[in-house]
Each structure stands twice: as structure tokens, then as C-alpha cells.
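I have placed the structure first, in the form of C-alpha cells, so that the comments after it can refer back to it.
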There are 2 protein chains.
Amino acid sequence: MQKRSSWLTIPDDSDFSLGNLPYGIFSRPQGVPGVGVAIGEYVIDLAMAYQKGLFADYPLAKNVFQSAVLNDFIAIGPSYWSFIRKVLQDQLCDRSSRLAQWASVLLVKQELVRLHLPLRIGNYTDFYSSREHAIQVGRLFRPERPLMPNWEHLPVAYHGRASSVVVSNTPIYRPRGQVCPHPSEGPVMQPTQELDYELELAFVVGKDSPLGAPVPVERAEEYMFGALLFNDWSARDLQRWEYQPLGPFTSKNFASTVSPWVVTMEALSACRTPAPVQSPLPLPYLTQAKRLGFDIHLFLSIQPSDEQAYPVAHTNASFLYWTVSQQVAHHTISGCNLQIGDLLATGTISGPEPGMEGCLLEATKGGTRAVPLRDGLVRRYLEDGDRVVFTGYFQGTEGRVGFGTAEGEVHPPFQLP
Amino acid sequence: MQKRSSWLTIPDDSDFSLGNLPYGIFSRPQGVPGVGVAIGEYVIDLAMAYQKGLFADYPLAKNVFQSAVLNDFIAIGPSYWSFIRKVLQDQLCDRSSRLAQWASVLLVKQELVRLHLPLRIGNYTDFYSSREHAIQVGRLFRPERPLMPNWEHLPVAYHGRASSVVVSNTPIYRPRGQVCPHPSEGPVMQPTQELDYELELAFVVGKDSPLGAPVPVERAEEYMFGALLFNDWSARDLQRWEYQPLGPFTSKNFASTVSPWVVTMEALSACRTPAPVQSPLPLPYLTQAKRLGFDIHLFLSIQPSDEQAYPVAHTNASFLYWTVSQQVAHHTISGCNLQIGDLLATGTISGPEPGMEGCLLEATKGGTRAVPLRDGLVRRYLEDGDRVVFTGYFQGTEGRVGFGTAEGEVHPPFQLP
């Protein structure tokens with residue numbers, strides 16, 4: 001495809017090129033939240049664009065962009081998503097379009113708006129789909145058996161807490177909980193000493209699936225709307241003590257941070273790449289004719305207070321062993337239903353080489369080897385005041401396609417009453 | 001308190017006495033769902049009662065009873081809940097009241113209405129708070145270590161799947177999933193051969209708690225609206241293969257059944273009873289001056305197709321080792337927020353004696369000893385066509401206080417496409 005050009009200036013290093021057009025929820029100062037699309041340094045106000053007739057060729061019963069969440073828009077379905085995308089791309093390249101004509105009211109500088117949690121998230125599931133992560137973490141928790149026997153046969157997952165998913169820049173309060181460093185002395189309750197991040201993507205469900213009916217693996221992507229950056233903050237000392245036998249609970253449920261922008265599956269179609277070969281072969285319900293992952297570069301940095309941000313890891317979503325289609329097929333094989341707005345997170349995305357670890361637990365080998373930020377400044381786990389910043393993008397034919405940032409600053413624990 | 005009497009005939013064996021007044025969502029034939037209160041054999045139509053001015057002494061901005069879920073009503077807060085309760089009790093005992101006057105339109109026979117899932121459930125957490133259950137099940141999964149070291153120190157829990165919580169009488173399709181009966185041969189995917197129920201109560205959150213702020217154990221009950229009967233259907237063969245290391249997933253996420261009626265904390269106040277003494281003593285954040293449980297009789301029966309219902313177990317909620325206050329305090333110690341409509345289920349409620357097992361896994365010692373239903377009819381696990389019926393009540397000074405039933409029939413698995 002020839003690269004089109006817009007009448008709007010879009011910086012080359014912007015995550016929000018013509019090929020992206022991710023969705024989010026924004027508000028102007030004193031304004032109410034509504035649906036927006038990021039382009040370059042701007043947000044396109046879709047509720048107002050709807051009123052100005054930009055989308056009149058595909059009439060709806062109501063303006064689904066006048067909403068504090070994307071769910072109603074998503075529910076209209078994929079032909080409408082494609083229609084909106086095409087209208088915006090066409091009009092961004094046509095100096096005589098309505099969008100250009102009304103640019104002064106339809107476009108708002110991103111620096112002037114507030115970005116909100118973009119979804120009503122009914123359910124959030126966290127997978128464990130990076131083989132590198134599973135092995136390296138498994139070795140720390142269970143040296144004798146890092147990879148459980150089930151891991152290569154199914155995409156292991158657990159149900160996470162939906163209420164505490166927050167948008168980028170929401171403060172993260174250091175969680176308290178039970179830890180048991182000296183088993184003979186019993187547990188104590190204290191603020192976590194091992195606060196960690198987990199670098200993930202979260203896929204957003206775009207279509208309800210009926211209760212009782214498994215989604216076939218070859219149709220699974222029809223149920224996806226797009227993806228976000230996702231930080232599954234974790235308290236490792238709490239996790240170590242509580243996780244047997246029912247899995248992580250307070251060690252994970254205090255917060256998860258998402259990027260404000262959902263990049264659509266249509267935009268992501270330009271970065272598909274073969275997923276790692278699977279051996280042993282999975283069972284037929286997890287077998288795809290063609291297994292595709294996403295060639296998305298993922299970066300994480302730590303910015304201590306009064307310091308610059310120091311890059312800590314650079315990994316890639318293409319390392320993931322299980323595909324999102326396999327995750328959906330497994331999630332629903334029991335008959336579990338999916339709902340619009342649900343999140344299916346990948347689990348920590350690590351890579352095969354040093355510097356590709358998606359969490360500190362891995363990078364520090366369980367806290368035993370500090371990660372250097374600069375001369376004289378290291379981290380084993382996160383300290384109060386640390387800001388953790390995730391970014392991710394791929395370079396498409398029409399420019400960069402990224403998520404903005406998923407970031408959060410660690411605050412001291414809430415005062416107890 | 002002297003027992004009041006109503007102008008309405010309330011059968012002695014009804015779960016829905018004057019002392020109960022549980023909330024649910026009902027619809028008349030061709031009608032829209034709205035809030036109702038069960039009394040004897042009737043439902044009181046609260047949306048219409050509001051219109052008729054029964055609650056005019058406490059005006060609201062809108063009729064919160066015109067809703068397909070209880071969440072908006074719950075959000076008004078406990079003084080309003082008490083007000084409604086008092087109005088209904090008074091008017092049910094006053095032959096000249098508006099309720100009596102308008103009885104022909106405000107009261108609908110329960111047999112004529114459809115009952116719906118009463119809540120928008122944002123999050124569902126399942127605890128594991130019966131010591132008897134934890135030991136007996138732990139012995140089957142881990143004979144060498146039935147009770148994990150953490151169990152006596154914290155109320156173990158996991159996040160469950162909210163999307164698949166269904167109201168009583170919703171069909172339960174036998175789930176498929178991976179099982180691995182012969183490790184050397186690898187797993188297979190098939191309909192579960194070990195379908196089980198779990199007899200539980202689920203407490204309904206009545207007040208949001210802010211993200212980051214633990215709820216103190218002595219204030220935890222302020223965050224509760226009421227309780228439901230709860231069946232956490234489980235596929236044991238799937239669970240055995242998948243649960244390490246992140247806990248149950250497809251073995252639980254296919255369905256959970258709730259009773260249509262939420263019994264309020266105010267109604268339940270009449271059945272409080274000291275909870276089992278805890279040894280070792282829990283940490284201070286889990287320590288209550290007075291630990292109270294609920295003396296609620298719980299019954300479960302299995303009704304195979306073309307058969308009567310056979311009683312299988314009779315247990316009591318008072319056996320629970322961890323109180324709901326301790327569950328709330330632990331759930332939020334990390335800063336996890338609670339939201340109105342969230343469910344906190346107790347976990348399977350078993351008792352110390354045979355016949356008190358809240359699930360078949362326990363009653364059959366892992367499927368090794370069949371449970372007799374009648375001569376010549378036994379169950380190890382559930383078969384297609386089996387209907388599982390939970391009931392529960394206590395006898396209050398103003399009559400029986402119960403939940404109605406939480407029941408569901410096992411259907412063959414969905415046809416795969």
C-alpha cells in the first residue's frame with residue numbers, strides 16, 4: 001500500500017499514525033467523558049464527529065460515542081468498527097473533508113485532555129503464556145519442577161480481579177498483606193517488600209459468546225476487539241505465602257494498570273507473525289492451521305523519584321508460546337461465556353535473552369541479583385516513588401502503531417485507620 | 001418480640017415470613033424485570049409500590065426499583081434498606097394500609113412470575129473457609145499435606161468468574177475440558193466425568209470501598225447487603241489437571257448458580273451465633289472482639305430425571321471457620337476495592353459428621369465410595385438429567401427465613417460445531 005499522507009502533522013515517532021487510530025475515553029476540562037481516537041498529538045472527538053455527520057452513511061439508533069466506556073460502541077460490531085476506521089482515514093487524508101473543516105472543534109490536543117479507563121471490564125483473566133517467563137519464575141518457586149506437566153498442553157490461566165483495573169497514571173499504593181519469611185515464627189502482616197510489575201498485553205473481548213458454547217479456535221479472533229498494554233502489579237512475598245492451593249489473591253488484586261488506548265485488531269493485522277512452534281502438539285481444540293502472534297516491541301523503564309527513566313527491559317509479544325486464539329478456545333472449552341469488555345491478558349511477556357525479562361522477579365532471579373539503573377542506583381524490587389512505564393509499538397507501512405504508555409507510580413501504603 | 005401477624009396468609013413452612021423480606025428481580029408475563037420482595041407465596045412489586053406512594057416518606061430522585069438488577073437500590077444505602085423493610089412489615093400487618101388496599105396489583109403469585117439473576121455482579125470471589133471441607137478435600141488432592149500451612153492464618157480464596165453466575169433453574173451444560181488420567185499418555189479433552197456441586201453461601205457487597213484502603217475487620221459488615229445460596233459447580237477431573245500453579249480455571253468457570261432471593265443482613269441478624277474458636281489466633285487485622293457466624297441450616301438433594309429428589313446432605317453455615325468480616329478484611333488488606341453487587345462466596349460448607357458434606361468429592365471420598373440415593377440408585381458424580389437442589393433457612397421469631405432454592409439440572413454438553 002502506498003503511504004497516504006494527512007493534512008494533519010503526525011510526528012514520525014508518534015504511536016498514533018494513520019495506520020493506528022486506537023480508541024480511548026477522554027474528557028476535556030469540565031467536560032464529560034466520551035469516545036476518542038488518537039491521531040498524532042490529537043484526540044478526535046467521536047461523539048462530536050457523529051453529531052457533525054461524519055458517520056451519517058451508517059446510521060445508528062443512538063450516538064454510542066457519548067459514553068464513559070467503549071462497550072456500547074464495541075457492541076455495534078466489526079463492520080461498524082471498520083467503517084469508522086475508513087471514514088477517519090479517508091477524511092484525515094482529504095483536506096476538504098468534514099473532519100478537516102471542523103478540525104478546530106473535533107480535534108483536541110492530547111495534552112489538554114484527561115484519559116479514563118476505557119472499558120467497563122466485567123471479567124479479567126490472566127494467562128501465563130510466555131514459556132520463558134513460566135520456566136524462569138517456576139524455577140524460583142519450584143526449583144525441582146519449574147514447568148508444571150500441564151503447561152505445554154494448555155494455556156494456564158487464572159481469573160483476576162476486575163474492580164482494581166485502573167488506567168495509566170493512577171497511583172499504585174504499596175499493598176499490605178501476609179508474608180511468612182520464617183515459617184517457624186508464623187506469618188506477619190506488613191507492606192510488601194517485593195513489589196513487582198508484569199509486562200503484558202491484554203486483549204479486549206469484542207463480542208459476547210453464549211454460556212455453554214465453546215468458541216472454536218479458528219473463529220476465536222472474531223471475538224476480539226483489540227489490545228492494551230497491561231501491568232499486572234504483583235507482591236511476590238504475599239504471593240509466595242498465599243498461592244497454594246488456589247492461586248494468587250491479595251498478591252495481585254490490589255491494582256492492574258492499562259494503557260488508555262485500545263489498538264484494534266484491524267490495526268494489529270499489520271504486525272502478525274508466526275508464533276513459536278509448539279512441541280508437543282496441542283490437542284485438536286487448540287490446533288490452528290496457522291498460528292500467528294504479534295510482532296510488537298515492548299519496553300519497560302523505571303523512573304525513581306527525582307530521576308530520569310531508566311530502560312530495564314525490551315521484549316516482544318512474538319515470543320508468546322500460546323496464541324490469543326488458543327487462549328480463547330481454552331477459556332471457553334468448558335462453556336464459559338465471554339462478554340464485551342472482558343480482558344484476556346497474556347501473562348508476563350519475557351524473552352529468551354537477558355534484558356528481556358518482563359518482571360523484576362525474573363530479572364533479579366528472585367531478588368538475589370539487583371538490576372542496575374545507573375551507577376550507584378539499583379533495584380531488586382520497586383521502591384516508593386518509582387514510576388514504572390510500559391510502552392509498545394510496531395512500525396507499520398503507514399507509520400508507528402503503539403499504545404501510548406501504561407504507567408503508574410508507587411505510593412506508600414494507605415494509612416490504616 | 002411479640003410475633004406480629006399479617007392480613008396475608010403466610011404458610012408456616014414458607015421461607016418468606018414477615019421476618020425475612022428478601023429481595024429479587026422478577027417479571028410478570030410480558031412484563032419488564034423489576035425489584036420484588038418475597039412474602040409467603042407472593043412477590044411484592046416494589047416499582048409499583050413506589051408509584052403508589054408506599055415509600056413517599058423517604059423520597060428518591062428516581063424509582064430505583066424499576067431496574068433489572070438490585071444494584072441501584074442497594075446503592076441508596078442501609079438507612080433506606082431499613083426504611084423499606086419497616087414500611088413493608090408495618091403495612092403487611094395493617095389491614096388498612098396502602099399495601100393492603102392495592103394488594104391485587106402490588107402482590108403477584110410467585111408461581112406466575114419469572115425470577116432473574118438479581119445482581120450485576122462485577123466480581124466474584126470464592127473463599128475456602130470450611131475447615132472440614134479444606135481438610136477432607138486437601139486429603140484427596142495432597143494426602144501428605146491436607147491443610148496448607150497458610151490455611152489457619154488467612155481465609156484462602158481465589159477470584160472466580162462473574163460472567164457465568166446464573167440464577168436458579170438455568171440449565172447447566174456438562175463442561176468439556178482437559179483431563180489427564182494417565183500421565184504417560186498425555187491429556188485428552190472430553191466432557192467431565194466428575195461433575196460436582198459445592199454448597200455455599202455468597203455474601204453480596206452493599207457498599208463500595210475505595211481502591212487502596214483496607215476495610216477494618218470491625219467495620220466489615222457495613223459493606224454487606226445480604227446473602228444468597230450459591231452452587232459453585234465444579235469439574236474435579238479438570239481441576240486436578242489444571243489447578244497447579246495458578247488455581248482452578250475451566251473446572252469452575254462454566255457456571256455458578258445463585259438463589260433468586262437475597263436475604264438481607266438485617267433479616268440474618270436473628271440467626272447470629274458464635275463462630276468456631278480459632279487456634280492459632282489470627283493476626284490483629286483479622287481479630288474481632290466477637291466473632292459471629294450464621295446459624296443457617298443448609299440442605300442439598302439430588303433429583304435424577306424421572307425420580308423424586310433424594311436428600312444427600314444437611315449442614316450448617318455456623319461450621320464456617322472464617323467469618324465474613326475476616327474475609328472482607330483479608331480481601332481488602334492489599335487495598336483491593338469492593339463494589340456493590342460483588343459476591344463473596346464462603347466456599348463449600350461441610351460439617352464434622354457424615355452426611356454433612358457440601359460436595360460429592362468429599363461425600364464419595366474422591367469418587368471411591370458411591371453415595372446411595374435409594375435402593376439400587378447411587379451417585380459418585382453427577383449424571384446428565386440430575387437436578388441439584390439447595391435450600392437453606394433458619395427459624396426466626398417471626399417465622400422461617402430462607403432463600404428459596406438454588407437449583408439446576410445437568411444437561412449433556414453443547415454440541416461442538
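Glycine is treated like the rest: Cβ placed from N, Cα and C.
Computed from a predicted structure; not experimentally measured.
The Ca(2+) site recorded in TrEMBL includes A:GLU198, A:GLU200, A:ASP232, and the single candidate from A:ASP94, A:ASP126, A:ASP306 that the record places there is A:ASP126. Among the candidates A:THR323, A:THR332, A:THR348, the residue that TrEMBL names alongside A:TYR128, A:ARG142, A:GLN239, A:TYR243 for the substrate site is A:THR348. In this structure the alpha carbons, written CA, of A:TYR243 (substrate binding site) and A:GLU198 (Ca(2+) binding site) are 17 Å apart.
Spatial neighbours are here defined as Cα atoms within 10 angstroms of one another, and by that definition the neighbours of A:LYS252 (Mg(2+) binding site) among the binding-site residues A:ARG142, A:GLU200, A:ASP232 are A:ASP232. Between the listed binding-site residues, namely A:ASP126, A:GLU198, A:GLU200, A:ASP232, the fewest other CB atoms within 10 angstroms of a CB are found at A:ASP232. For chain B, the nearby binding-site residues by a Cβ gap under 8 A, listed in sequence order, are A:TYR128, A:TYR243, drawn from A:TYR128, A:GLU198, A:GLU200, A:ASP232, A:TYR243, A:SER256. Comparing A:ASP232 (Ca(2+) binding site) with A:SER256 (Mg(2+) binding site), their Cα atoms are 5 Å apart once rounded.
Within the same chain, residues at least 6 positions away in sequence whose Cβ sits under 8 Å from that of A:HIS133 (active site, proton acceptor) are A:GLY347, A:THR348, A:ILE349, A:SER350, A:GLU357, A:GLY358, A:CYS359, A:GLU362. Following the DSSP three-state reduction, the secondary structure of A:GLU200 (Ca(2+) binding site) is strand. Spatially, by CA atoms, the binding-site residues A:ARG142, A:GLN239, A:SER256 include one closest to A:ASP126 (Ca(2+) binding site), and that is A:SER256. Same-chain residues with CB within 8 A of the center of the A:ASP126, A:GLU198, A:GLU200, A:ASP232 CB atoms, the Ca(2+) site residues themselves not counted, are A:GLY160, A:LEU199, A:ALA202, A:PHE230, A:ASN231, A:SER234, A:SER256, A:ALA345, A:THR346, A:GLY347, A:THR348.
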